[in-house]
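Let me begin by presenting the structure, written as structure tokens, before commenting on it.
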Amino acid sequence: MEPRTLDNVASLAYFAPELVLIAAALLLVVWDLASPARLKLAGLVILSLAALACSGGLGAYFLATDAAPRALFHGLLAFDRFSNLFRVIFALVTGAIVLFLVPPRAPGIEPELRRDSGELFTLILVLSLGMNLMAASRHLLLIYLSLELVSVISFVLAGFKINDAKSSEAALKYVIFGGVASGIMLYGMSWIFGITASMRLDECAARIAALTAQQGKVPEVVFVGTAFMLAGFGYKISAAPFHMWTPDVYEGAPTPVTAFLSVGPKAAGFAVLIRFFSDALGAGSAPPGVATPWPVLFGCLAMATMTVGNLSALEQENVKRMLAYSSIAHAGYMLLGFSVFSGAGVAAIAFYIVTYCFMNLGAFMVVMAVAEESGGDETFAAFRGLGRRAPLVAAAMAVFLVSLTGLPPTAGFIGKFYLFSALLAAGGAWSWVIAVVGVLNSVISLFYYARLLRTMYLDRSDRTEPTPVRPLLGGTACALAIPTVLLGVYWGPVYDFVARSVSMLR
């Protein structure tokens with residue numbers, strides 16, 4: 001059933017979560033200019049958290065009431081369970097990042113936080129707005145504009161430490177790679193528009209289906225245009241070979257920003273990728289019996305991304321850089337769901353995104369806690385003996401590392417189980433090849449995750465005194481470890497909920 005199309009005025013009620021973020025961003029600017037200096041930072045944090053709570057709460061309300069799908073603003077945006085699910089995810093992730101920046105100290109970014117606090121929190125809220133738009137876009141032009149909104153703000157956040165050479169280098173590399181990927185993606189969109197004469201994804205799907213039925217195969221123009229568009233999507237999710245910016249940007253950016261980039265924009269990239277391929281190139285874009293090239297294309301992309309990420313992570317000495325390559329590998333795991341191009345595959349991707357947010361945010365939070373107490377040291381040496389110096393934080397990190405590896409009883413194991421199950425359920429030799437490569441990559445990842453575990457618990461440190469960890473930072477890390485374990489032993493309701501949220505996609 002096609003969603004009901006609403007005009008601009010009627011759409012505003014369903015656009016309320018984004019309107020809250022827009023109003024809050026404007027209010028933050030006013031507060032930054034007019035508030036007393038001693039109240040400024042606390043007010044910015046409170047206003048940001050309140051706005052995110054309202055935005056995420058509205059998304060949760062729409063999910064709970066199972067509101068009927070709508071096409072907002074004459075078909076530009078989708079209002080459905082999928083977009084509302086990601087509204088909640090983005091609000092939670094952004095709220096966690098705001099908590100990372102709570103006074104009295106924000107690791108790696110304290111001087112900039114005190115000097116440019118208004119700009120920082122405003123940018124974070126607008127970035128959350130852009131991610132919401134990415135997940136809901138059903139029009140090629142809005143996909144491009146929302147992706148660029150997220151990208152431009154990410155550039156600024158990566159270079160927020162203006163007096164730090166690494167941060168400036170990270171921002172410059174991010175801009176260069178982002179600009180090239182953006183141009184290539186826009187070029188691919190022009191091919192899709194040229195062959196379909198439309199920018200709405202549903203109309204593109206109908207036109208592509210007609211051409212595919214007429215020719216008996218997917219038109220070459222559609223394949224080439226989609227391949228160009230994948231450059232832009234691949235850049236956002238750090239898929240090989242568009243991943244080269246990721247290690248330098250993650251290492252050079254302030255750690256709270258790195259934590260955000262590793263989960264927020266990446267999840268948004270997968271959301272818009274799911275939306276585009278489901279609505280424009282899904283089941284309705286080709287008649288029965290006509291083979292499409294997308295499973296093979298995504299299978300190759302997944303294998304390359306997993307392998308590059310895991311092999312590169314093996315030789316890293318900086319934990320933050322290691323986690324950057326780890327995030328590349330996890331993008332490869334999530335791409336496994338696209339290689340089968342089925343409802344089960346999409347549900348597995350969405351569930352893996354939920355679990356990945358918990359374990360990756362938690363891992364970066366522990367890195368921040370360690371760097372905060374070691375003078376900014378983010379290498380393996382700073383983690384020596386952490387199991388004795390800060391046992392709770394080390395235990396939380398152990399949970400995150402086990403989950404990132406994909407071992408039971410953690411959420412990462414269940415996430416990978418559903419991904420591989422969807423892959424093998426598709427059948428065929430190609431699915432088995434991809435599955436074997438995926439399992440081998442999981443084994444490779446065990447080496448560098450286990451290396452950090454060994455460093456924390458078996459290596460001795462010159463420091464024997466307990467490591468003081470900021471209560472909010474350590475407490476939040478331990479709190480994130482709870483759902484990471486809980487979803488490894490009792491995942492059914494969450495998976496069923498996520499699967500229902502993506503079931504309306506083609």
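Any Cβ shown, glycine's included, is placed from N, Cα and C.
Computed from a predicted structure; not experimentally measured.
The annotation transmembrane segment is assigned in Swiss-Prot to 44-64 (among others) on the grounds of sequence analysis.
Swiss-Prot lists 82-102 (among others) with the feature transmembrane segment, giving sequence analysis as the kind of evidence.
Under the heading transmembrane segment, Swiss-Prot lists 117-137 (among others), citing sequence analysis as support.
Sequence annotations record features per position, and here Swiss-Prot assigns transmembrane segment to 140-160 (among others). When Cβ-Cβ distances below 8 Å are used as the criterion, the transmembrane segment (140-160) is approached by residues 76-77, 109, 112, 116, 120, 123-124, 126-127, 129-131, 133-134, 167-168, 170-172, 174-175, 178, 182, 185-186, 189, 192-193, 199-201, 204, 232, 236, 249, 252-254, 257, 260-261, 265, 268-269, 272, 275-276 of the same chain, each at least six residues removed from its ends.
The transmembrane segment annotation in Swiss-Prot covers 175-195 (among others).
Beyond the transmembrane segment (254-274), the same-chain residues lying 6 or more positions past its ends with a Cβ under 8 Å from any Cβ of the stretch are 82, 86, 89-90, 93-94, 97, 100-101, 106-109, 112, 124, 127-128, 130-131, 134-135, 137, 143, 146-147, 150-151, 154, 157-158, 160-161, 167, 233, 236-238, 320, 323-324, 327, 331, 334, 338, 346, 349-350, 353, 356-357, 360-361, 364-365, 367-368, 371, 378, 502, 505. What Swiss-Prot records for 254-274 (among others) is transmembrane segment, and it gives sequence analysis as the kind of evidence.
For the transmembrane segment (289-309), same-chain residues at least 6 beyond its ends with a Cβ under 8 Å from one of its own Cβ atoms are 212-213, 216-218, 223, 226-227, 230, 234, 238-241, 243, 277, 281, 325-333, 335-336, 338-341, 426, 430, 433-434, 437-438, 441. Residues or ranges marked as transmembrane segment in Swiss-Prot: 289-309 (among others).
Residues annotated as transmembrane segment in Swiss-Prot: 323-345 (among others).
What Swiss-Prot lists as transmembrane segment is 356-376 (among others), and the listing cites sequence analysis.
Beyond the transmembrane segment (394-414), the same-chain residues lying 6 or more positions past its ends with a Cβ under 8 Å from any Cβ of the stretch are 326, 330, 351, 355-356, 358-360, 362-363, 366, 386-387, 442, 445-446, 449-450, 452-453, 456-457, 474, 477-478, 480-481, 483-489, 491, 495. Swiss-Prot lists 394-414 (among others) with the feature transmembrane segment.
Summarising the annotation, Swiss-Prot assigns transmembrane segment to 419-439 (among others).
What Swiss-Prot lists as transmembrane segment is 472-492 (among others).
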Beyond the flanks of the transmembrane segment (419-439) by 6 or more, those residues with Cβ under 8 Å of it: 295-296, 299, 302-303, 306-307, 332-334, 336-337, 339-340, 342, 344-345, 347-349, 352
Segment-segment contact (the transmembrane segment (82-102); the transmembrane segment (175-195)) at 3 or more Cβ pairs under 8 Å: no
Cβ contacts under 8 Å made by the transmembrane segment (472-492) with residues that lie 6+ beyond its boundaries: 96, 99-100, 102, 107, 351, 354-355, 358-359, 361-362, 365-366, 368-369, 372, 390, 392-393, 395-397, 399-400, 403, 408-414
